[in-house]
């Protein structure tokens, strides 16, 4: 079905669907495409196509250009979404002020996944054809880490079960499993089936063992061992056997504990997750079966498919692609770091007197716990926005988009106010500046370097980047206006001065100098600087709202996000979301609550680090406190850059920097009105120069709309130079 057009409009140049060659009667399949025209020099189009039926839709980006240009851009960059929810998430990525999220918020169709990803989620019960050698680095690593002591444990348990006499069948099973777990690769554990003929024979004869003395199985490649021969009513009364009771009391608990330890260790190492699956399946399946139902075979002895159910069949203990593994849409690293949050909260609030751990350890744990919580908050925001309308998504992003940073800043200011310590306010200023400089230099620079390794030259939407750059210039000028004002009209006060020439009219060397705003009982500050701070704090959020209205309403063609009708081959897939809106909301609130607790612990135990550390407090603020909460965003930016989508990588850094100046700082100023703290919007010279230079350099790099790894290297190197300056800088006054 061709798209319907208004008779008054010119004919459009939508690419026509190709007719199937092999099956002329096959149905024509359409897909819903969220087309994003970046308006680059080459008029590149990004098409997001969930495979769902479409009706009449607005004109696509392709209708604005010639057919030749459209076809070329479709071939160049076409990003596909499996459903409407995923397409909505991809569209939100290009909206100013929305959280940029790389991971899927819906379950991907199994047939659309690569073979590498399918292998990650497959159970260890598939027998493959003949392959290469099983002697690999990962398998040898398994032998050194797990295989030898698991095998020894099985031998000891086998000896115990033989001593009990009634548990002798389990002893023979453990003896076989000892050899299996020493080197499980190239072997198979099978659940033996009971043939119906033997069941009938067993019910009619009392001497079951004698009747099967000469049995053999061609499928298993030879005579069946005596203890594997099927008996009558194999499972009848299994749990009432004396041997089973001895096994459950003496053998199974020790093996379950050992496999549990191996499972947890392998899971935390990520690349050894196949070992974790192997141990989990052993505890839940193999060790709970009757011993006569468990077969251990070498695959090379099997010439035809095995008879019965295959329980375990492992080929590799190590798979480096498990960094892509996800549990219910959550990346495996975020899953592994979640227990760290619980440990941090328990140690922080139970061991309040530092009897178990020291303050630096608790501070480090609290800071590391912020990373997975930031991930959960980001995924919850992306899930809610993708399943909601624009208004709800905008409110959620504006409310919780900066919650990670604000939680830490506010708790630090509260603690500094209670203790009367100005150092906390300086640390917050350093963290604000570090976030600004890091997101302007380090985030896009690192993405350019990593993306440039795979792509020789990357292009991005220079017009949308120009909007962000203009907002950055405006926000930096507004944030540092009170600082420049105070330097012009404030009185320079120094803590200590020495005459270096022994001449009263000679040169003096002064230390700890700053501009005093409280001269004459604070007349300059309260009458001039403070009103300027309040004015700037009102104008910056207003400018942010104008930027939202400009990019999302009046000039949305900069991003050109709309739904178009593009006939491309595909299948219909209904959206199966990982987190529903209510579930995402609950996770968002719980993560925010845990974030507040971790931020409180971090500020509670940072005092010893600030007082005893020889490193400048400036450096601690601009590095650790500024960039650790942004690690999930940095990972998203790198993933976008690897897919040659540098526009989103740049927007991630720009949006965070804009939100720091236009949202976070005004909120902190508003907070100080209701809860007086030592925080004033007057920064040190180092913060001012570093921020302004970073914004100017970024704007220069982004002017032409294209970049390579060399330009990214320049940004990263400048960032490291600034870090070196902060490292050797003296601590701020008051610390």
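Using the three backbone atoms N, Cα and C, a Cβ is placed for every residue, glycine included.
TrEMBL lists 1-31 (among others) with the feature region 'Disordered'.
Positions annotated as domain 'Inner membrane component' by TrEMBL: 137-187.
For the transmembrane segment (140-163), the list of distant contacts is 170-175, 177-179, 181-184, 246-247, 250-251, 254-255, 258-259, 262, 265-266, 272, 275, 317-318: same-chain residues at least six beyond its ends, Cβ to Cβ under 8 Å. Among the features that TrEMBL reports, transmembrane segment is placed at 140-163 (among others).
Per TrEMBL, region 'Disordered' is recorded for 200-222 (among others).
For 202-222, the entry in TrEMBL reads compositional bias 'Low complexity'.
Per TrEMBL, transmembrane segment is recorded for 254-275 (among others). Counting residues 6+ beyond its ends, the transmembrane segment (254-275) has Cβ neighbours under 8 Å at 120, 124, 138, 141-142, 145-146, 149-150, 153-154, 157, 174, 282-283, 287, 314, 316-320, 322-323, 325, 332-333, 336 in the same chain.
Per TrEMBL, the feature transmembrane segment maps to 325-349 (among others).
TrEMBL lists 361-378 (among others) with the feature transmembrane segment. Under 8 Å from some Cβ of the transmembrane segment (361-378) lie the Cβ atoms of residues 99, 101, 330-331, 333-334, 337-338, 340-341, 343-345, 347-348, 354, 400, 403-404, 408, 587-588, 591-592, 594-595, 598-599, 601-602, 604-606, 609, 624-625, 628-633, 636, all in the same chain and six or more residues away from its ends.
TrEMBL lists 361-480 (among others) with the feature domain 'Sodium/calcium exchanger membrane region'.
Beyond the ends of the transmembrane segment (390-411), by six or more residues, the same chain brings 92, 97-99, 370, 373-374, 377, 380-381, 384, 428, 431-432, 435, 548, 552, 588, 592, 595-596, 599-600, 602-603, 625, 629, 659-660, 663-664, 667-668, 671 to within a C-beta distance below 8 angstroms of the stretch. Per TrEMBL, transmembrane segment is recorded for 390-411 (among others).
Long-range contacts of the transmembrane segment (431-453) within its own chain (CB-CB distance under 8 A, at least 6 residues past either end) are made by residues 405, 408-409, 472, 476, 621-623, 625-627, 630, 633-634, 637-638, 640-642, 644, 646, 649-650, 652-654, 656-657, 660-661, 664-665, 683, 687, 690-691, 694-695, 697-698, 707-716, 718-719, 722. Per TrEMBL, transmembrane segment is recorded for 431-453 (among others).
Beyond the ends of the transmembrane segment (465-485), by six or more residues, the same chain brings 96, 436, 440, 528-529, 532-533, 536, 539-540, 543-544, 547, 550-551, 558, 647, 650-651, 654-655, 657-658, 660-662, 665, 680-683, 688, 691-692, 695, 698-699, 702, 705 to within a C-beta distance below 8 angstroms of the stretch. According to TrEMBL, the transmembrane segment annotation covers 465-485 (among others).
Look at TrEMBL and you will find 532-552 (among others) tagged as transmembrane segment.
What TrEMBL lists as domain 'Sodium/calcium exchanger membrane region' is 584-726 (among others).
Annotated transmembrane segment per TrEMBL: 615-635 (among others), in sequence order. Here the transmembrane segment (615-635) has Cβ contacts under 8 Å with residues 100, 102, 367-368, 370-371, 374-375, 378, 404-405, 408, 423, 426-435, 437-439, 442-443, 446, 609, 652, 656, 686, 722-723, 726-732, 735 of the same chain, all six or more residues outside its ends.
Through the fold, the transmembrane segment (656-675) approaches residues 97, 398, 401-402, 405-406, 409-410, 413-414, 417, 428, 432, 435-436, 439-440, 443, 468, 471-472, 475-476, 478-479, 533-534, 536-538, 540-541, 543-544, 547, 630, 633, 681 of its own chain, all at least 6 residues removed from its boundaries and within a Cβ separation under 8 Å. The transmembrane segment annotation in TrEMBL covers 656-675 (among others).
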